[in-house]
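**Q** What Swiss-Prot records for this protein is below:
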- 7-27: transmembrane segment (TRANSMEM)
- D52, D94, H277: divalent metal cation 2 binding site (BINDING)
- D94, N132, H225, H275: divalent metal cation 1 binding site (BINDING)
- 328-348: transmembrane segment (TRANSMEM)
Amino acid sequence: MRFLYACFVIVLCALIFCEYVADFVVLQKCKWPEIKRKKYVDDPLRAMILADPHLLGPHRGHWLDKLYREWHMTRAFQAASRLFQPDVVFVLGDLFDEGDMVSDKQFQEYVWRYLKMFHLPPGIPLISVAGNHDVGFHYKMHPFFMSRFESYLNNSSVNLYTIKQIHFVVINSMAMEGDGCMFCTQAEDQLKNISRTLYCMKYPLEAECARTRRHPYSQPILLQHFPTYRISDTMCEEHDAPYIEAFRERFHVLSKDATDMLGELLKPRLAFAGHSHHFCHSVNRLGIDEYTVASFSWRNKVNPSFMLATITPDDYVVSKCKMLPQQFVFNSYLSAGILCLIVIGFQLRKCIQSRRQSSAVDHRKVNYLD
């Protein structure tokens, strides 16, 4: 029975390590990047940015796949939030895999699972951006999908958030089609309003800015689901896509016109996006740093990651934090299984040797009696 006990201990240790400890061990290698300029160093904003968790719905994927991958996303996020204690968390779209396919009741269950998985302590905002799997691509967008996303997750087509004097503009990429549709017109109007708000922050003494709430001006940071226009990941200074594919405007990335419009109206200093499921750091069409954030889910990325950004009104530093790779967990369980087989094989060998010795002794006794 000792070998069964040994196998039980081996499997239990592998289980506890992989399911409860490994995330902390891997994530401890990450640290908040440090701002070198001294003006705002005492109180920078620390933002954790992730993308594309793709929580499975009732139609796609096996229930066991959904259970296990979502368990690991929960463990990874809770480990990260405890270790890093961010000031704000942004999720850059495709929160759900079937958000544009489910009924209102199923969507409510989706939101409940999402908020449970990405639960944060009081006082830390979770800002969720709409993705094409949440409300549909432009051709599929419907007031019903849009209104329920806005209602449950408190985010409309375009929003301006100001946290610690840092301005974030959150955009619904699917409303950047520029074809004059209801959603596009509404989004463009909201962008123009935000542009005026930012202008009044910069020039508060202008006559048209008399009634505007006054915040110190700094160039905004752009957050959306689609990256701004680029031909492919060949334009990235660094990336982790396993292969390069050409991007289509309005499907993989924003169009040139939409990208230029955002640059003209907002004049951002930094941009973050998701959608491609792979990491990319590029200097985009607007001449600013853009980070495409890899998927947070093992279902889309076997080596997922997220971003840690330290930001002040006049500076920023961004670093990539690698999460627990799926292959590491599989290899750990495989190693535990092989170790168990070795223990069992060793025990069987001992049993066989013991029986042979016992048989030899019995044979000698029989010969002695004869």
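Just so you know, glycine gets a Cβ as well, placed from its N, Cα and C.
Could you give the neighbours, burial and distances for every feature on this list?
**A** For H277 (divalent metal cation 2 binding site), applying a Cβ distance below 8 Å and a minimum sequence separation of six or more within one chain yields D52, A294, S295, N300, K301.
Within its own chain, H275 (divalent metal cation 1 binding site) has A51, D52, L92, G93, D94, G131, N132, S173, H225, F226, P227, H252, T292 as residues 6 or more apart in sequence whose C-beta sits under 8 angstroms from its own. According to DSSP, H275 (divalent metal cation 1 binding site) sits in a coil region rather than a helix or strand.
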**Q** CB neighbours of D94 (divalent metal cation 2 binding site) within 10 A?
**A** 26
**Q** For H225 (divalent metal cation 1 binding site), list the number of other Cβ atoms lying within 10 Å of its Cβ atom.
**A** 26
**Q** Helix, strand or coil for D94 (divalent metal cation 2 binding site)? Use DSSP.
**A** coil
**Q** Cβ within 8 Å of the divalent metal cation 2 site centroid (D52, D94, H277 excluded): which residues?
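**A** For the divalent metal cation 2 site, the extra neighbours are A51, P53, H54, G93, G131, H133, G274, H275, S276, S295, F296, S297, N300.
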**Q** Give the three-state DSSP assignment (helix, strand or coil) for H225 (divalent metal cation 1 binding site).
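**A** DSSP call for H225 (divalent metal cation 1 binding site): coil, neither helix nor strand.
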**Q** Cβ within 8 Å of the divalent metal cation 1 site's Cβ centroid: which residues qualify beyond D94, N132, H225, H275?
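**A** So the additional residues around the site are A51, D52, L92, G93, G131, H133, D134, S173, F226, G274.
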**Q** Using a 10 Å radius around each Cβ and all protein chains in view, which of these binding-site residues has the most neighbours: D52, N132?
**A** D52
